[in-house]
Amino acid sequence: YLLIFIICYYQFNIFSKMQLVMLKSYNLYQVCYAFHSCYIFLNLMELQLAQTMIFTIEEINNNTYLLPDLSVGYKIYSDCSSVTLATDAAMALVNDPNEETFFNNHCEKTSTVHALIGLSESPLSISVATVIAPFRIPMISYFATCACLSNRKEFPTFFRTIPSDYYQSKALAQLVKHFGWTWIGVIRSDNEYGINGMATFIETVQLEGVCIDYVAVISRNNPRERYLETVNSIKQSTSKVIVAFTSSVDLESLIQEILIQNITGLQWVGSEGWISNIKLATNETYRILGGAIGFATSNAEIPGLKEFLINLHPSENHGSSILEEVWESIFNCSLTLKNGTDMNNLCEKTDTLSQVNNLYTDVSDLRIANNVYKGVYALVHAVHDIFICGKSKMTQNNCKIINNMKFNCFYHLSLKRVNFTTKQGENVYFDDNGDPATHYELLNWQVNAEGLIQFVTVGIYDASLPEGKQLKINNSSIIWAGSQNEMPKSECSKSCKPGTYKAIQQGRPICCFDCIPCADGEISNDVEFLTYGEIMGVILTVFTLLGACLTVSVAFVFFCHRKTPIVRANNSELSFLLLFSLTLCFLCSLTFIGQPSDWSCILRHTVFGITFVMCVSCILAKTIVVLMAFNATRPGANVMKWFGPLRQRLSVFILTFIQAFMCTVWLITSPPFFSSNIKSYKHKVIFECDLGSTVAFYIMLGYIGVLSALCFMLSFLARKLPDNFNEAKFITFSMIIFCAVWLTFIPAYISSPGKYTVAVEIFAILASSFALLFCIFTPKCYIILLKPEQNTKKSVIGKKLE
């Protein structure tokens with residue numbers, strides 16, 4: 001339906017007190033027949049949406065806050081799901097006796113039509129939005145999701161309360177990836193909704209390694225032969241999963257053909273165009289679509305709507321032919337005595353809609369109705385913002401600009417800034433493209449204990465969250481196709497067993513291959529990399545986590561005793577920074593375990609290099625502080641001012657930044673990447689990280705080595721300082737172990753084969769990290785926890801005097 005939302009006023013100053021009239025035209029088919037013949041059937045779902053708009057308008061008119069001096073009127077037109085009819089209706093609405101003047105001076109003439117609510121399909125919305133754009137008439141759609149409508153150049157006054165298909169396509173791609181389906185069939189509508197939505201979906205899933213078996217295109221206007229072609233594609237396919245990006249009207253005809261041929265057991269994945277359509281969910285179609293999953297906008301409750309819907313009665317709406325038709329259809333009776341009408345078949349005066357349960361009175365699923373509700377309120381809030389502008393002293397400058405503009409020209413500008421919260425607590429606003437916030441519920445078609453079909457929410461998708469956390473699914477709550485609890489698998493070819501190798505089938509996607517037996521005397525290659533599941537991987541992971549936990553524990557002990565002399569005497573700020581960098585050193589070992597990828601290869605080497613430089617830089621700064629502090633005790637010495645806390649922090653930052661800069665150059669020029677090594681072994685494929693630039697890798701290690709050697713020399717010079725500054729001794733021991741580990745690492749790294757190369761690097765990281773942790777911090781923790789009597793200022797001064 002094209003729901004026309006009209007505000008009528010007679011004052012030339014829109015900020016004056018206005019007298020508004022409510023216009024009602026509820027004879028849907030009368031307008032429809034005036035342009036074109038349309039189908040003679042009742043769409044109770046669309047009727048519910050029309051009544052929802054009327055309910056919302058009456059609720060607003062009874063609200064003394066929003067529009068205290070205004071009344072809202074409306075007209076309702078039927079589009080009959082026809083682009084021609086929708087366009088004709090739009091032309092009639094903007095038609096004017098002096099049409100040429102209106103087009104040339106569309107900002108200097110006031111139209112009685114100020115806003116539109118509709119339409120329910122993207123092709124219809126595109127045609128109408130194109131017609132009304134030159135007149136600056138804003139339009140809010142409650143169900144048009146085509147991403148093309150976000151184009152502000154083509155549709156400058158279009159808004160919607162349902163998210164764009166762009167995000168839905170991304171969500172569906174993540175869904176397919178989540179369940180590991182690599183072989184799927186896709187069906188789309190033959191219109192902008194299907195073309196744009198499916199294009200984004202296919203592009204996204206193919207990047208994830210998913211293969212498409214077939215792409216079927218359907219349309220409600222197609223002859224039966226075209227539907228049969230699609231059904232044959234489904235029957236001949238080996239895919240067990242079908243992603244349908246279609247409207248409910250297009251899909252309904254296809255499902256009827258599938259029912260005739262009894263094709264069951266397939267897993268359907270649906271777009272919001274049909275996944276929550278109550279009309280489509282019948283016991284008959286459940287044989288085909290049972291267990292279907294897909295995304296839909298969030299459900300909501302609208303207080304008072306149920307009562308408003310069932311209170312509808314022909315006696316209160318005289319002359320409404322559509323209501324009379326609805327009434328006679330529901331109660332199977334006649335309201336008036338016509339030729340051939342049986343007296344016993346006249347409608348009873350006591351008949352009420354509270355006695356029936358159909359698509360019109362059912363308010364269990366108000367997803368689309370809620371979009372209508374929000375759309376009407378958005379339009380009214382925009383008017384409200386304009387209205388209060390003239391009364392607000394804070395916005396007088398803006399109001400001067402508004403006074404120079406006519407209503408339509410400013411209305412859509414005001415609509416861009418709308419931001420309010422509904423009674424249900426939902427925040428409503430539009431982004432720069434006129435789109436709302438993107439939030440979907442993942443629905444699953446299930447049958448409850450009473451045998452009724454229901455749409456159960458089994459997950460959510462929130463586009464505002466970081467990538468990787470947008471999709472949340474409760475897998476255990478899903479009922480799959482055929483009422484199965486086990487997730488279906490959909491793959492073109494199963495993984496090859498040992499003794500065979502893959503051979504891609506000619507002319508087919510890479511997901512389809514044959515498993516060819518190896519020739520005599522040959523065996524299939526094994527893939528090798530360090531995994532979390534093997535013993536060596538488990539041991540290294542345990543020591544990694546143990547080291548990180550010990551470091552955090554030491555940091556906690558230091559924090560609890562941060563005001564004690566032993567912590568303060570050894571520069572607490574650098575100690576905490578050192579502990580933080582040590583924690584990162586331990587955790588970076590985890591990036592070396594598991595199947596490598598381009599990202600993990602880049603991450604493991606750069607994080608390792610930067611964190612270790614930060615760690616050694618902190619130790620170097622601490623060593624310099626010890627030397628400075630000792631020299632500062634000499635008469636006339638004033639060296640501490642040259643290396644105070646600010647310069648200590650700055651030195652750590654500069655030394656770490658140099659390493660980060662070198663790593664950045666490395667990544668730009670020749671970054672590490674994942675590679676399959678088939679040369680080292682005849683019967684193994686080694687999954688490993690190619691350094692990209694070996695020179696850059698050894699420069700990174702060399703820089704760490706230079707800092708370590710400098711730190712060792714300075715700590716060695718400071719080893720005989722007084723006991724209260726004896727941290728230099730422990731730094732010396734730690735750097736001896738640190739340097740020894742990394743000197744032995746290089747030959748071991750070069751000579752170690754396969755996954756043991758990675759194991760050697762992890763061992764070096766853990767050994768050097770544990771050396772720093774134990775040598776530097778164990779003596780301090782010993783005194784803090786077991787010898788607290790030595791952790792006093794008197795004790796420190798006494799040692800110094802000795």
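A Cβ is built for glycine as well, from the same backbone N, Cα and C atoms used for every other residue.
Between the stretches 20-42, 572-594, TrEMBL puts its transmembrane segment entry on 572-594.
Among the recorded stretches 535-560, 606-630, 695-718, 730-750, 762-785, the one sharing the largest number of Cβ pairs closer than 8 Å with the transmembrane segment (650-675) is 606-630. Residues 529-532, 537, 540-541, 544-545, 547-548, 551-552, 554-555, 558-559, 562, 600, 603-604, 607-608, 611-612, 614-615, 618-619, 621-622, 625, 645, 648-649, 652, 758, 761-762, 765-766, 768-769, 772-773, 776-777 of the same chain, all 6+ positions outside the transmembrane segment (572-594), place their C-beta atoms under 8 angstroms from a C-beta of that stretch. Remote same-chain partners of the transmembrane segment (695-718), defined as residues 6 or more beyond its termini with a Cβ less than 8 Å from a stretch Cβ, comprise 605, 609, 612-613, 616-617, 619-620, 623-624, 626-627, 630, 655, 658-659, 662-663, 665-666, 669-670, 725, 728, 731-732, 735-736, 738-739, 742, 746. The list of residues near the transmembrane segment (535-560) in space but at least 6 beyond its ends in sequence, with Cβ under 8 angstroms from a Cβ of it, reads 567, 572, 575-576, 579-580, 582-583, 586-587, 589-590, 593, 755, 759, 762-763, 766, 769-770, 773, 777, 780-781, 784-785. With a threshold of 8 Å between CB atoms, the same-chain residues lying at least 6 positions outside the transmembrane segment (730-750) that come near it are 616, 619, 622-623, 701, 704-705, 708-709, 711-712, 715-716, 719, 757, 760-761, 764, 767-768, 771-772, 774-776, 779. The average pLDDT computed over the domain 'G-protein coupled receptors family 3 profile' (536-800) stands at 81.
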